[in-house]
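Here TrEMBL flags A:ASP83, A:ASP85, A:ASP87 as Mg(2+) binding site. The Zn(2+) binding site annotation in TrEMBL covers A:CYS84, A:CYS101, A:CYS108. Sequence annotations record features per position, and here TrEMBL assigns domain 'Phosphoribosyl-AMP cyclohydrolase' to A:36-110.
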There are 2 protein chains.
Amino acid sequence: MGNPQQFKDISQVDFAKGNGLVPAIAQDVRTGKVLMMAYMNREALETTLKEGRACYWSRSRKELWRKGDTSGDIQIVKDVLVDCDLDTILLLVEQQGDGACHTKKWSCFFRRFTREGDLQEIDE
Amino acid sequence: MGNPQQFKDISQVDFAKGNGLVPAIAQDVRTGKVLMMAYMNREALETTLKEGRACYWSRSRKELWRKGDTSGDIQIVKDVLVDCDLDTILLLVEQQGDGACHTKKWSCFFRRFTREGDLQEIDE
């Protein structure tokens, strides 16, 4: 995928540690809410940069996953950050449609643990 | 670790998918900034809930990692969220000390990719 010259710094990303995949967090650029976490291989990262739309690697379907292609809930990517160890990606996105979660919640993180370890739903 | 009755809902967390570990994102509760991503096993999650302080599993040292024990950069946990698939944790934390990153940056995400795939440092 892509021109190796064009994407040379992407070679620094440590895909090896995760057998070709790195975790990618998506954060709502407008509200700061953390929306979801998924995985990217190199092609997904390059596609995300090229298209300005979040593209992940589906571990269950084993294919490139242009988020929103079927649901319409696409993510316009405003910024692509990487952490100190170069093994985790953080996307700042404009979430479109009904939200990031397949349950149609805005964020996948809609439940919390109490201090006693009980799960409870939180208000959005 | 702990009383199984006390932490029964933690059994719902899908540790199996990640060979006993789940990714855990730490977000600054004051600024909304995503600080870091690390991993937790069940004991780390229970310890985090019990102590109200972020505790991870160090994959390199293969031991429980009470963040800040040596650096002083501890994370006071204000909320513990879990995602729709019950396989990713999101901590809302009050970061203490110099920051979350071992480089003494406040966040581990201090670099971004340009659209051309070049790495650049961002202002904090």
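From the backbone N, Cα and C atoms, a Cβ is placed for every residue, glycine too.
Sequence features, as recorded in TrEMBL, placed on the structure.
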residue  : record              : contacts (Cβ under 8 Å, 6+ apart)
A:ASP83  : Mg(2+) binding site : A:ILE89, A:LEU90
A:CYS84  : Zn(2+) binding site : none
A:ASP85  : Mg(2+) binding site : A:ASP14
A:ASP87  : Mg(2+) binding site : A:VAL13, A:ASP14, A:LYS17, A:GLY18, A:VAL22, A:PRO23
A:CYS101 : Zn(2+) binding site : A:LEU35, A:MET36, A:SER107, A:CYS108, A:PHE110
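Around the Cβ of A:CYS108 (Zn(2+) binding site), the number of neighbouring Cβ atoms within 10 Å comes to 24.
Computed over the domain 'Phosphoribosyl-AMP cyclohydrolase' (A:36-110), the whole-number mean pLDDT of the model equals 96.
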